[in-house]
Amino acid sequence: ALKPFVIISFSYLLFTTTDGAVRMVVLLHAYSKGFSAMQVAIMFSFYELAGVATNLVAGLMGAKWGIKTTLLTGLSLQLVGIGMLFGWQDSWSKTEVIVYVTATQLMCGIAKDLTKLGGKTVTKLVTPEEKQGRLFRLVSAITGFKNSLKGAGYFLGAATVGVSYYMALGILLGLIFAAMPWAIVGLSNQLGRARKENVKFSQLFDNKPNINILSLSRVFLFGARDLWFEVPLPFFLRDPASGIGWSRSATGAFLAVWIIVYGQMQSWTPQLILGPLKQSPPNKWVAALWCGVLTVVPLSLGIVMLAGDTFGPGVPPGPAIAAITVVLYAFCIVFAINSAIHSYLIVAYAEGDKASVAQTVGVYYASNAVGRLTGTLASGALYSYVGSSVVDGFGTCLMVSVTFA
């Protein structure tokens, strides 16, 4: 019974490494060609937007045609997206490059969510109903390793593109090719298919109330993170006037390590919950408790930035670096615990027909994508237009994050 879990997890984790790496390859290559931050953000916008629709369709595909189909479709689209990047021509105008690279990232965004469906769903398919503790550990492990490897992918992409753009893309293609044969040969076409063949699009929204509430909670959870993480944090870390003034490599390392720590904390969440709270598997009250804890973290740094004199031009960088590192890594740990609890609850709340769990998980992760997109867009506006300095902008992003958490 664990064979599908091993094959899908292997494919999913290899894919995730390329997911983090291709973002760094595109970003650093575009930077070397003189593209602005706004132009690079446009290149990635459809990657995020793809998550909303793709997760809905992925759930329907998984229920109708099985996890094998969604997984192989995702891996194939990642090959297309990475392969298209070989066609990036220096002779093109910036507008032509932006349109072309945006199309490649759309492919990669769709690929990510199709592949993720298999990685999240297979845990439920191989776990007996009575072994919920085991399910929690499996979900936390696969989610944690996924995020750790995404962070490793950031390092891989940054290191290889510094040597050769085409070599970096070739390595990423090799990782995807390594994942595909196992999925083709080792998975059943029936894995994850719903018993009823007439699964309709309207059924995607026909979920139990607790699933709908959890999905809405997921929107705000990931919105709370991306209100400061995706755009404001790297901009603030690099700003030489009022920010930290770090180099590109130092900023990239900070983000990559943050993602790796986040991933490992998700893997360790069952032990954290089992020990001090004696709540494994977790329930809605545990989820509410950790959401409450999460609000304290951005609130503390937001107050320091908006009301104190630790940040700003002319102040020693040491206290600012210490504050931002301690608080944002504290957010990382508490956020990881929240995310792992949510990931467990969604598969635990899925309907008794285990083959239709892909349908529920797809809707849930569409909510996840809505949160990321909302947080990213809101953060760009807040950071750019609120206050008289980047300190005001970043502090405001953190305070609004409190209301989301």
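Yeah, the Cβs are placed from backbone N, Cα and C, and that goes for glycine too.
In TrEMBL, the feature transmembrane segment is placed on 70-88, out of the ranges 70-88, 222-240, 241-259. For the transmembrane segment (37-58), the list of distant contacts is 23, 26-27, 30-31, 70, 94, 98, 101-103, 105-106, 108-110, 112-114, 116-117, 201, 204, 231, 235, 358, 362-366, 368-370, 372-373, 376, 380: same-chain residues at least six beyond its ends, Cβ to Cβ under 8 Å. Highlighted: of the candidate stretches 12-31, 165-188, 285-308, 320-341, 165-188 has the greatest count of Cβ pairs under 8 Å to the transmembrane segment (70-88). Nonlocal intrachain contacts for the transmembrane segment (285-308), taken as residues 6+ away from its ends with a CB within less than 8 angstroms of a stretch CB, comprise 217, 221, 224, 228, 273, 277, 279, 323-324, 327-328, 330-331, 334-335, 337-338, 341-342, 345, 391-392, 394-396, 398-399, 401-402, 405.
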